[in-house]
């Protein structure tokens with residue numbers, strides 16, 4: 001249908017408008033195209049070629065290719081939580097050179113362990129495993145994937161793989177050397193050939209002596225197996241070379257960071273062992289009312305960090321050494337501690353370019369990165385002996401590093417029992433003047449310290465609580481030795497000259513967990529600072545109760561020396577008892593009467609109630625504190641209760657408690 005409104009004049013005007021519109025439209029399009037094309041020109045395509053170079057974080061995951069490329073035939077894998085297994089693996093890889101072989105230390109987390117079956121491609125090859133056990137028979141963090149791989153790959157054929165294992169553990173723990181024993185047994189099951197017996201190191205005894213004795217027998221067995229002889233070269237083998245900087249941009253110098261440069265100043269989540277969070281200290285108070293010890297409660301603020309934790313987890317903190325100790329070392333060695341240096345690995349193919357973050361100053365290395373407080377191991381004495389000008393000092397240092405009974409006894413008495421750290425050794429051997437760079441190469445890394453978290457994230461989502469006792473004691477030489485981390489924490493005042501005191505920290509997940517069902521009763525046994533995780537448990541049970549949940553009996557066995565001196569968290573515990581969050585509060589004051597009373601005595605006094613909770617009501621038992629005595633005595637008391645009230649033999653009672661552990665109903669968070 002035609003529209004009656006459109007006249008011929010109107011149509012003509014419409015056509016004219018359309019032509020002009022087209023002209024303008026074309027002009028605008030032309031300008032836009034020209035502007036767009038000319039704008040693109042300053043961005044030359046060749047700029048993108050930079051992507052061709054691999055990112056600095058990319059890393060060779062094939063240890064076989066690396067060994068072939070560098071002519072290595074021995075690889076030493078380490079499962080290490082506190083650095084000792086890594087240290088031992090470095091010593092073994094250096095040893096290889098003395099037997100005409102070439103070794104490399106390796107972190108299993110960095111490599112494809114499925115390549116073990118290919119090691120036979122390399123002549124006279126050998127895999128050594130230095131495996132520490134952590135917690136309740138668990139693998140260390142860096143060996144977890146390797147452990148999972150061993151468990152999951154039943155069809156793996158390791159025929160042709162030569163191996164040996166040295167295991168690091170502590171006899172006071174229930175699962176002594178569990179990880180090393182498992183790796184040794186499992187490799188054999190998969191077809192690998194054990195060329196030397198499993199070594200068992202006991203940190204409750206003398207771990208260094210166990211390692212040295214094993215190593216002294218291990219290398220002759222290797223020589224016999226491969227038909228090689230020692231080169232007789234006992235000289236010191238340097239792993240790193242020193243580079244000094246006289247003119248360097250200080251923004252490029254590490255000042256204590258664990259991983260990324262400036263990571264303490266510019267914080268980026270996620271936070272972990274390589275990237276700790278700088279948590280401000282909001283509370284630092286003394287817990288004990290009297291006595292000569294210092295027991296303390298600290299609170300760390302984790303607001304905005306995205307850090308999550310659960311009751312029972314551990315907080316790891318990175319302490320620094322006492323500045324007085326560092327300054328004395330500088331004086332004894334006669335060096336400028338503020339010189340900027342780098343120690344660079346002589347093996348350019350090694351993943352480990354430096355022994356600690358470099359470039360840095362000697363002061364920073366001795367303060368943040370190196371362990372200068374523990375008695376040095378025998379390999380340090382052996383390597384430093386060459387720098388003693390007195391032949392008698394040289395002889396004694398080498399003797400202490402040997403496996404002879406006389407040498408072992410001298411090391412035990414003069415170094416270990418006398419608690420001589422490296423400074424004490426240098427002071428008591430005036431002829432010993434090692435170059436500081438070699439000393440820094442040999443000293444082990446200063447490790448993070450772990451504390452059981454004393455809070456619940458349900459109640460304190462932005463705060464982590466620590467409970468600790470300051471370590472300080474006099475040695476046989478009359479010196480006062482101070483615990484590195486506890487003294488450092490003690491001095492972390494909330495405001496330090498107007499600045500907030502901070503603590504580099506991260507969370508380590510634990511298996512020490514409240515039962516899934518809140519209605520299950522819990523029995524908590526923790527004397528002294530062993531109360532820590534139970535403060536978190538009690539807070540959480542109280543919170544669950546407030547939420548209207550059915551919460552089972554919450555029983556606490558706590559112990560301290562004197563009620564009026566060191567009854568930790570007395571007000572909080574008594575308040576929880578009044579609110580019936582704690583249904584039974586049992587406290588042993590060991591020294592308030594003539595006969596000492598400990599938590600295990602209270603357990604026996606309440607045996608009927610305990611047995612009812614454990615045997616009939618599915619209670620979960622938790623033990624925290626000293627592994628050497630308390631944890632064993634508690635276990636013995638529970639064996640006796642099961643024997644008597646469960647009408648069992650001692651063997652049956654022992655098996656009964658072991659089954660509780662297997663089922664996750666008996667958990668321990670202990671230390672020695």
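Glycine residues also receive a Cβ, built from the backbone N, Cα and C atoms like all the rest.
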Item to check | Residues flagged as transmembrane segment in TrEMBL, choosing from 2-19, 20-37 | outcome: 20-37
Checklist entry - Once near-sequence residues are set aside, which residues in the chain of residue 598 (NADP(+) binding site), 6 or more away, have Cβ atoms under 8 Å from its Cβ? => result 527, 559, 588, 590, 630, 633
Next on the checklist: For a quick check of packing: other C-beta atoms within 10 Å of the C-beta of residue 173 (FMN binding site), how many?
Outcome noted: 23
Item to check | Surrounding CB atoms that lie within 10 Å of the CB of residue 590 (NADP(+) binding site), all protein chains | outcome: 17
Checklist entry - Taking the residues the record says bind NADP(+) (293, 529, 590, 591, 596, 597, 598, 599, 600, 633), how far apart in Å are the two Cα atoms that sit farthest from each other? => result 25
Next on the checklist: Checking the spread of the FAD site as listed (449, 450, 451, 452, 467, 468, 469, 473, 483, 484, 485, 486, 671): what is the longest Cα-Cα distance, in whole Å?
Outcome noted: 23
Item to check | Secondary structure composition of the domain 'Flavodoxin-like' (74-219) [DSSP: H/G/I, E/B, coil] | outcome: 65 helix, 35 strand, 46 coil
Checklist entry - Where residue 596 (NADP(+) binding site) and residue 132 (FMN binding site) are concerned, what is their Cα separation in Å, rounded? => result 36
Next on the checklist: Measuring Cα to Cα, how far is residue 469 (FAD binding site) from residue 293 (NADP(+) binding site) in Å?
Outcome noted: 7
Next on the checklist: Restricting to the chain of residue 135 (FMN binding site) and a gap of 6 or more, list residues whose Cβ falls under 8 Å of its Cβ, or answer none.
Outcome noted: 510, 511
